[in-house]
Amino acid sequence: MENIRVVVRVRPFIPGENPQQCVTVHDRQIRVGDDRTFAFDKVFDMRATCDLVNSSVGDPLISAFVDGYTVSTIAYGQTGAGKTHTMSRLSRYVVERVHKILTNGAAEHSGLASPGARSNSLADAEAAATQPEFRFSAVEVYNDQISDLAVSASSSSAPRQVRTLSLREDNRCGVFIKGLTETAVDSAEGLLTLIERCISSRRTAMTQANETSSRSHCLLTVALVYRGKVGRFALVDLAGSERMKKAHGATPSAAGEGHSGAAASRVREGISINSGLLALGNVISALCARKSHVPYRASKLTRLLQPMLSGNSKTTMIACVSPVAASFEETLNTLKYANRVKSLRTTPLQMAAVSSMEDAQRAIEMLHQQLLEAKQVGCGQFSGMPSFPTGDVNAKLEELEEKLRVEQKLTQRLKDDLFNAEYTAMVEVEKRKSLEKRIALLELVEKERCVGRASTSTAEVSAVGSTVSCPRRSAESSDPSDEGGDIENNRKLLERLEAERDELEALKKQKETDSKRLAELDMGGQHSIGCDFDGSFSQENLLRDIALKERHIQELKQRNEEAVWALEDSKRNQEEVLSVKRRLEEDLANAVTKLESTEMEQQRKQAERNRLFALHEERLRKAEEMAETYRRRVEEATLQLNQRQCNEELIQQLQAQIPEMREELNRHVVAVREGQQREQKMAASYVQKVKKMKRQMRETEAQVSRLQVELQKKEREIARVKSNIADRFDRCLSKAHVERKQLLRNLQCDSSGRSSSVQREIDLELRALATIETDLDDLMLERCEMKARLDEVCGSPNVVNSCAVAAKGFECQSRRAGSPNSCSGAQAEASTDYSEALGDGNAVVKEQATNPLVFQTLRRLEEVEDSIDSLQEARKYHLQRVRRLQNSSASAQGSVTSRACELLQRSISDSFRQTS
């Protein structure tokens, strides 16, 4: 099992945005605000290019996809964060990269073919398997309805007219879409054209947050059948999470019918998108908590993503965020969402491809032939084991054999690396010895020169008292002797250097001999391995091993040539630096360091080799245990067959008892009919009671309408009284306003040094704080009302009264949402549940009629609590920014500053009062 890989990408600023960022990226960490830090597998800042993102995210998935694994990439984030742009670039990169890998792989495989060494059936199977086959499908989830995006993109009709598909599930295939078309593609260009056409056919619309906002979830799947394996690459582009106020705002009252319909459609789409993402969040929370029940069936989106979150897929999630300070809350929620996904684990598996019954029969025959050959070679421990009844066991055996081959290759490679390291260490030791000899020789020559110079200086000092010509003659007589000594020393040095050259040539010849010996050993090992595993592996695997060995031999030959060139270069360098002692000392130090590092590397490789040997033995033990398990399963299957025969006898006995059971059934049918007649009579009486209750409800509604008319009259009277009070209050405070304006002028004169840009930023932050405070007040009021209604429902002694109170609370909630249609629908639903609860005489049915309203209110209360937490964190962030800006621009005038702060507080309170 492995964890889902999560990466984060921060999009750059869009022209026209306020360049105030709320995120900071450092290596693999991202900080939101001042005190919230998250760590992910990879974090790309605003400077990251699409090529860097694609190579980091796509390369590991592409290699697994070609090897037959199911891989997937999910893009999540708020609207306008760059999800669709990232996924479109990634899909193009995946197609081009896979095409390049398959082209190179087909060329290598065609060069290794040997038709004389294989049977006809095996050659035909291999020829069919080496040809890559692509299949493409596209799905769009719009308003929790699934449609075929490939069909809508290729047809001339509008996408809205495409029929809706349904989800199905079985034990063999899991969750699948009934009626989904898979298009066979011949080339990479055709696949890219299909992908671009499907992406352009998605439903998009313009909102206040994004001009081209995706209004649906998109799932693109590319299937590859190659060399007997089938891989799937899923590209999921989720619709952006959005807040209704930011994305849509309030619909203007003067708008036409068309604009109102489009706005209502956008709101419905946003509700559907948020509902799907909420269901996905609940699934992720349940998986993180290791709960026994995971609510995959809460949404069609979660059912489609089930294999990617907890199945056999290698999954990578790309969390796209915006750096703008105004998107602080959405960015924080996205990172919280992605942080929970990190703990999810999947189990990737390779899938074998069987395209037809003929291919399946051919594969079964080939596996039976391999088993017979293995028995003939001498695997006595498997001689009594019968053939396996299913193809899954054969696939697992092939997987174990593949793992064994990989371990053997790894062991051989470690042996080769160990031999090369030992040979390199031996060469370095010889070089070190030669350098030490050369340094000792140079030190001896230097000492002889120093002794000669000292004797010459002594002779010159002793002859100072004589004539000037004497020193000249002595000097002339002494110089030839010195020169002769130097020539003799140089001759000895050249002889020693020639001896060293001979030694180096001998080492070179020895190295060539060792290289030839290594090649012979490789050829012999190849022959022995082929003989040992001839009975257990197919000829295709043997040819593949031969090709790997040949490439390894070529690499060794190339390394040998490089070593010869390096030896010649070192020889030239030695001839150049014979007269420089310092360089020789540096070479000695480098050689010592390199020798130490080589010894450490050798020790590390030896430890790694021991560890891999232990791991290899452990895997072999597990393979033997699995083989034992398979044998036990075969025995169990035999027992099941015997038991099935016993069951057939029991079935015959039961068939003899069928006439008696039919007579008993007839008696029960008569009793059921009598009970149905009694129920019909009771239902008629219940219908009369329901009609009576409906009449009472109509009378109650008429009374409620009269009370609403009276309430409107009272509200108009209250508004008139409030306007009179406001006029009086304004007249009383006119002098205070004049004084405040004068203080504002003084404040502007005192604070003339403050930067206009800083003041604008403070004003922006204050407006944002005012908006946040308003939202907080609304949410707090709504939370208090819902809690009060829930307390009334829980504490009511009568169940009927509880139902009425819950219906009233649900009506209040619908009225606060600002949707008259939804309010009337909620009232109708509540009245229906209420009438049904009163019509049935059972108290349990009454309680079940009240529970849906309480459940909806509790769910809304949880959403309000989450929104309040996010708004409080946003308010904290904006308050810290205002304090920093005020501290940076504060002046030293005490009294004026205190008066300015008081005036600022009054102006802020006035603005809050006007806003409310």
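Including glycine, each Cβ sits where the backbone N, Cα and C put it.
Worth saying up front: this structure is predicted, and the values here are computed from it rather than measured.
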Can you dig out which of the ranges 518-545, 630-657, 686-713, 854-881 TrEMBL describes as coiled coil?
-> 854-881
What is the number of other Cβ atoms found within 10 Å of the Cβ of THR79 (ATP binding site)?
-> 25
Which bits of the chain, at least 6 residues beyond where the coiled coil (854-881) starts or stops, bring a Cβ under 8 A of a Cβ in it?
-> 22, 33-34, 36, 325, 328-329, 332-333, 761, 765, 768-769, 772-773, 775-776, 779-780, 782-783, 786-787, 789-790, 793, 806, 809-810, 813
For the binding-site residues listed here, GLY77, GLY80, GLY82, which shows the highest count of neighbouring CB atoms within 10 A?
-> GLY77
When pLDDT is averaged across the domain 'Kinesin motor' (3-344), the result is 82
Going by C-beta under 8 A and a gap of 6 or more residues, the same-chain neighbours of LYS83 (ATP binding site) are ALA75, TYR76, GLY77, SER214, ASP237, LEU238, GLY240, ILE318, CYS320
Once near-sequence residues are set aside, which residues in the chain of THR84 (ATP binding site), 6 or more away, have Cβ atoms under 8 Å from its Cβ?
-> ALA75, ILE199, SER214, ASP237
Does DSSP put GLY77 (ATP binding site) in a helix, in a strand, or in coil?
-> strand
DSSP state at LYS83 (ATP binding site), helix/strand/coil | helix
